[in-house]
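Chemist: Annotations per TrEMBL:
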| type | residues | note |
| --- | --- | --- |
| BINDING | Cys57, Cys60, Cys155, Cys189 | [4Fe-4S] cluster 1 binding site |
| DOMAIN | 57-202 | domain 'NADH:ubiquinone oxidoreductase-like 20kDa subunit' |
| DOMAIN | 222-299 | domain 'Cytochrome-c3 hydrogenase C-terminal' |
| BINDING | His227, Cys230, Cys255, Cys261 | [4Fe-4S] cluster 2 binding site |
| BINDING | Cys270, Cys289, Cys292 | [3Fe-4S] cluster binding site |
Amino acid sequence: MGKEAVLRGGVSRRDFMKTCVAATAIMGLPYSMHTKVAEAAQKAGRPPVIWLHFQECTGCSESLLRSGHPDVSELILDMISLDYHETLMVGSGHQAEQSLHDSMKANHGKYILVVEGGIPTKDNGIYCKVGGKTAVDSLTTAAEGAAAIITIGTCASYGGIQSAPPNPTGAVGVRDLIKNKPIVNIPGCPPNPYNFLSTVLYYLTFNKLPELDALGRPKFAYGRKIHEHCERRPHFDAGRFATAYGDKTHAEGYCLYKLGCKGPATFANCSVTRFNDVGVWPVSVGHPCIGCTEPDILFKKPIAEKLQIHLPTPPDTYAPAELGQKGPGVSPAATGLVGLAGGVALGAGAMLAKKLPSGEEGHEKHD
Ligand code: SF4
């Protein structure tokens, strides 16, 4: 990277600034704040971080480490001093345990504790042990000296798949056990690395944790439902639903509500922030949202089960939209305009709408 490299990991200044702009936008801050965020990221004294793993698949760490351009993981690892991370550290056994002990002692009251994975509580917590200590013991000991705790992933936030009924190990999330520390939940299976990065940057920039919702999630990332910004939303509004994987309605990109999409009840920014640096997320590639940021949905409701929502299809008074019937088709934006036109007509008391063609795939009214 030569002269361009600004951080130890070799991230170029251009990529660094791009990432700061993206993180600033995710935090809901004005564009002009990105310089302050970048300044804080560069000047921060690399706060010590202890990262514990319990009942989980390490997918959250993987998701973070596999992020591409710009390399979010390198930025994060540069901004913090990662003193202990069981799957990344070189040391093992007693050496690793000593490093955990030393870091907790040297940084008592100052380190950030990151937790990945659920914590089993049944039978005195014997179902997850590291270094001879139960997850409950490791967590409570590490939490005692932490300045704040960040849970990464749905398992650490709410218990995750381990806590699915009948929850044989009595798995819970960190907030169920630790009551006397500030805790930020970053749920998701896995969560978007940018949400973790933005939380760390917010802390470094403002020296405090971001505003949280009732489930302990940063409002800047989990304040809106996926459904509000989904690219398939015009299809939902027009009553066009995919009815089977791989059929014409699915290939046309229709709304996935009838395949079990949990987007209308899921608070997260996936439809805006997206994943893998190539602008994809599950719904964009044809899979319904599984509600992985919601404690009452993921692993509690079957993927194919339809959400009970008030009005899954629009009223008959909406103007029709004949997508894909002739010529090049109608874009989602055009569909939105048609809906808007219908709304205006409705406001004027005119009943311009006609019913959608009967029997056409994906156009039937919801039961
Ligand atoms: Fe998108 Fe799912 Fe909402 Fe349909 S139900 S608009 S696919 S989030």
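The backbone N, Cα and C atoms fix where each Cβ goes, and this holds for glycine too.
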Chemist: Of Cys57, Cys60, Cys155, Cys189, Cys289, which is closest to Cys230 ([4Fe-4S] cluster 2 binding site) if I measure between C-alpha atoms? They're all binding-site residues.
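Modeler: If we rank Cys57, Cys60, Cys155, Cys189, Cys289 by Cα distance to Cys230 ([4Fe-4S] cluster 2 binding site), first place goes to Cys289.
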Chemist: So what's the mean pLDDT when you look at the domain 'NADH:ubiquinone oxidoreductase-like 20kDa subunit' (57-202)?
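Modeler: Value for the domain 'NADH:ubiquinone oxidoreductase-like 20kDa subunit' (57-202), mean pLDDT as a whole number: 91.
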Chemist: Enumerate in sequence order the binding-site residues His227, Cys255, Cys261, Cys270 whose Cβ-atom distance to ligand 1 is under 6 angstroms.
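Modeler: Only His227, Cys255, Cys261 meet the Cβ criterion.
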Chemist: Cβ within 8 Å of the [3Fe-4S] cluster site centroid (Cys270, Cys289, Cys292 excluded): which residues?
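Modeler: These residues sit around the [3Fe-4S] cluster site: Gly188, Ile226, Lys262, Gly263, Thr266, Ala268, Trp281, Pro282, Val283, Ile290, Gly291, Thr293.
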Chemist: Around the recorded [4Fe-4S] cluster 1 site, report the further residues of that chain (criterion: Cβ within 8 Å of the mean position of the Cβ atoms of Cys57, Cys60, Cys155, Cys189; site residues excluded), sequence-ordered.
Modeler: Glu56, Thr58, Gly59, Glu116, Gly117, Gly153, Thr154, Gly160, Ile161, Pro190
Chemist: Cys155, Cys189, His227, Cys255, Cys270: which of these binding-site residues has the highest Cβ count within 10 Å of its own Cβ?
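Modeler: Ranked by Cβ atoms within 10 Å, first place goes to Cys155.
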Chemist: Can you check which residues sit near Cys292 ([3Fe-4S] cluster binding site), meaning Cβ under 8 Å from its Cβ, same chain, 6 or more apart in sequence, and list them in order?
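Modeler: In sequence order, Thr154, Pro187, Gly188, Cys189, Thr266, Ala268, Leu298 meet the Cβ cut-off.
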Chemist: Using the structure shown, find which entry in Cys230, Cys261 (the binding-site residues) has the sparsest Cβ neighbourhood within 10 Å.
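Modeler: Each of the binding-site residues Cys230, Cys261 was scored; lowest Cβ tally within 10 Å is Cys230.
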Chemist: Which one of these binding-site residues, Cys57, Cys289, has the sparsest Cβ neighbourhood, judged by other Cβ atoms within 10 angstroms?
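Modeler: Comparing Cβ neighbours within 10 Å for the binding-site residues Cys57, Cys289, Cys57 has the fewest.
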